[in-house]
């Protein structure tokens, strides 16, 4: 990341775009695979679209950062729970990738109730010359077979297939909000509002409940789990966040049921800032370990915070994402925007944070220089390979030509889901039904 973050040049291209978005087309999750060669999106229609990065060519070196559609498949279908008389949406809540072990790719996808492990593989050859079947696959008349043939493989057009390998279901009473693959690559956890389950990737009919915060009397319920993630290299450690603004770090070596946390990260509330909305805006919508495992990043409604896992008392850093909305919390409560769940991501070196905002704005914070920038992902000012200009929001009556008034912000345009390439300065931003890819300008 360049030090001059607010003047850095960024190329962009949008890959998936419709003039008129239907509810099913709205992107609900974005995730790079561990190498960054693939990028997956899930939408409210239960579909997963996988993009593959262009291979570098000497004739067109500028195309190296571009991603093209690699595979599209229907991951989840709408279902109905007849016992509870509830519809189960097909919306993809999260996608996570397993590290590549062979020629195939293995993503995990989940809706509210069911997690699926998919295998994405390529075929560029097909068998020919069977003895008992013709080329169309029909059984041949044995009386017409006069010679014994040896089947051979013939080249064919490349075909990418997505097939479900495992289906993990019937383990969650409440809606799944996150999944996280363990660093042992043998297990993963799925999290709903009140419980966290640990699964073995090879076993679909049994999971272990490792966190259960459901009270005996549901009237005594005071908080719910909002997100959870495994430590990047300690397979026994994970964290989960709550709607009360706390983060709990748990060690599975201490007990099978991790209801008693090892560490509790919580910032004391400032009594002078106490208001009707305090509890709502302090709810954590996302928690992410840094790649090094030393830090935690959390996102609440107005801020991004960085925590040192060795210091529980207060965050190491606090970044204001859109503090200008503090005076508008009442109207944001009335239109339900105050309950929006924004995600946050680290760059590959843990030096820059990124998260979304309204009006199709997204924010970047450089931890080293303490500089920040607001950028916009929109069709109006984003043509392929265009350079993004920083945007500014003003609160007062007077505003400059390049500024936008807080009263002019479009709260229906919001960036909730973002992803950062694990090794390079390439980011993916989901704006309603559009997917934008941005990268540092090379020349």
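Every residue, even glycine, has its Cβ placed from backbone N, Cα and C.
Under the heading repeat 'WD 1', Swiss-Prot lists 22-61. Counting residues 6+ beyond its ends, the repeat 'WD 1' (22-61) has Cβ neighbours under 8 Å at 15-16, 67-78, 89-97, 99-100, 105, 107, 109, 111, 118, 120, 162, 417-424, 426, 428-430, 432-435, 437 in the same chain.
Among residues of the same chain six or more beyond the repeat 'WD 2' (87-128), those with a C-beta under 8 A of the stretch's C-beta atoms are 28-35, 38, 40-48, 50, 70-71, 73, 75-81, 135, 151-169, 172, 175-181, 185, 188, 190, 199, 201. The repeat 'WD 2' annotation in Swiss-Prot covers 87-128.
Note on the repeat 'WD 3' (171-209): its mean pLDDT in the predicted model is 96. Sequence annotations record features per position, and here Swiss-Prot assigns repeat 'WD 3' to 171-209.
Per Swiss-Prot, repeat 'WD 4' is recorded for 220-260. If you look at the repeat 'WD 4' (220-260), the same-chain residues 6 or more away from its ends with a CB under 8 A from one of its CBs are 177-178, 180-184, 187-189, 191-196, 198, 208-214, 266-267, 279, 282-293, 296, 298, 300, 307, 309, 341.
Under the heading repeat 'WD 5', Swiss-Prot lists 279-317.
Across the repeat 'WD 6' (334-375), the DSSP tally of helix, strand and coil residues reads 4 helix, 19 strand, 19 coil. Look at Swiss-Prot and you will find 334-375 tagged as repeat 'WD 6'.
What Swiss-Prot records for 410-443 is repeat 'WD 7'.
Secondary structure by DSSP for the repeat 'WD 4' (220-260): 1 helix, 17 strand, 23 coil. Long-range contacts of the repeat 'WD 6' (334-375) within the same chain, counting only residues at least 6 positions beyond its ends with a Cβ under 8 Å from a Cβ of the stretch, are 1, 3-6, 8, 10, 226, 277, 280-281, 285-286, 288, 290-292, 294-295, 297-299, 301, 304, 306, 317, 319, 321-322, 325, 388, 390-393, 404, 409-411, 413-425, 427, 429, 431, 438. With a threshold of 8 Å between CB atoms, the same-chain residues lying at least 6 positions outside the repeat 'WD 3' (171-209) that come near it are 93-94, 96-99, 108, 110-113, 115, 117, 224-235, 238, 240, 252, 256-258. Sorting each residue of the repeat 'WD 3' (171-209) by its DSSP state yields 0 helix, 21 strand, 18 coil.
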